């Protein structure tokens, strides 16, 4: 049996191991297409700001082709470094594209104010054609859908600090798009707006340079459909992380945005580890979880073997991402989601509409959290040096805290209450029919007389005698009644008092034509 278990563990490890690269065959290269990336040909701030202005206009032009749009975005993304050309050549290793760099310098003879650097060749016409300044109609289209503030005509500046603020504002809006461009583009607008508000409050961006929605939609769609652009952005993030010492302010902002980008599309895997394993509830000892726990262990080892690109496997369209989907461990994932819903309020908005979702194990996770509330782990307590007295104190405090949390989040348990609408009277309500209606009225009258003559204790017995013998007990209240008869008697007495009071109010109001009606809308207001 021990040999079988060792073979099983070895089989699981080899099954999820990535293929080993061998030197027998050459690298597979695809059919490449050329991407032209304009970069500044000098260190002048005027050149960079003018190039940034032209590229933003170019991206806003709806007639721009896909490769040209990718080249413009790569040019903007690399503008914050001192040598954009060296950066692009160092980090670019894409089998699908061939990047050609074009140095751009200032020119007074071109309509765009820029020209391509060349040795004795006039390139103003080519520069105007690239930046779409050869046609006035195209120029007007490029201006449409630019910044939300229509008073901004251009973003050409000569101050390095001002240029960095404008460039950082534009780059922040582009980088935020990468977080959900692949995984959830339909719901990305809300999260992108929250990031924008955050960086505006931190004074990292300038609110006046908020780009228009359709400009951002164009960039988001291009990021979603172009793998080469995403490869460049991920390579740039990793290159910034490897940089030692202090980084430029824009680079630090990119690293901050990376916290929203990293592990995109891996929520099922990460949350299963967080809520299913790290919580260490005893439910992990179930036999049903044994195989899936072994699968998760193999996936965690595989994640580490992939190295620094593992958190970006979904963004990079790595085929190995399918192994990390929740379909590989459905029971443990369903259990972890139940734990997460009880522990964190933010988990309540997750979509569990999967074909492999198991409601039974989801409820198991919820019950484990509810019944384990206030309990202290003996293993962790011994490691931290927590005494038994301290553990009891912590359990007592945690129980009260959990009760307060439940009361605030869910509210008190209430019976179902029906209200009358303002346009209805008692006569207009649906009746039970002849015999049933008379039986109910007779029961109410006898209950009122019994309450007046014998008091609450005998009235409850009288009401019990009038109950139908074939009525099944309420599943929610039957266990409580069997456990505590005194509480059941008090509840019955309270119900009889309410019915008696209702009967008295009916007799007092019989002389009036219009009965008092309670409207649920008025109560809610």
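In case you wondered, yes, glycine gets a Cβ from its N, Cα and C as well.
What Swiss-Prot lists as RNA binding site is 180, 195, 202, 260, 351, and the listing cites similarity to another entry. Under the heading compositional bias 'Basic and acidic residues', Swiss-Prot lists 433-452. The compositional bias 'Low complexity' annotation in Swiss-Prot covers 468-479. Marked as region 'Ncore' by Swiss-Prot: 1-403, 1-400. According to Swiss-Prot, the feature region 'Ntail' maps to 404-525. If you look up Swiss-Prot, you'll see 477-505 marked as region 'Interaction with the phosphoprotein', on the strength of similarity to another entry.
Structure coloured by features recorded in Swiss-Prot.
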residue: 180; record: RNA binding site; Cβ contacts under 8 Å, 6 or more apart: 187, 188, 191, 192, 264
residue: 195; record: RNA binding site; Cβ contacts under 8 Å, 6 or more apart: 172, 176, 179, 257, 260
residue: 202; record: RNA binding site; Cβ contacts under 8 Å, 6 or more apart: none
residue: 351; record: RNA binding site; Cβ contacts under 8 Å, 6 or more apart: none
Worksheet entry | All-chain count of other Cβ atoms within 10 Å of residue 260 (RNA binding site) | 17
Worksheet item: Looking only at 180, 195, 202, 260, 351, the residues listed as binding RNA, what is the longest Cα to Cα distance in Å?
Response: 32
Fill in: Where residue 260 (RNA binding site) sits in the secondary structure, as DSSP reduces it to three classes
helix
Worksheet item: Where does residue 195 (RNA binding site) sit in the DSSP three-state scheme?
Response: helix
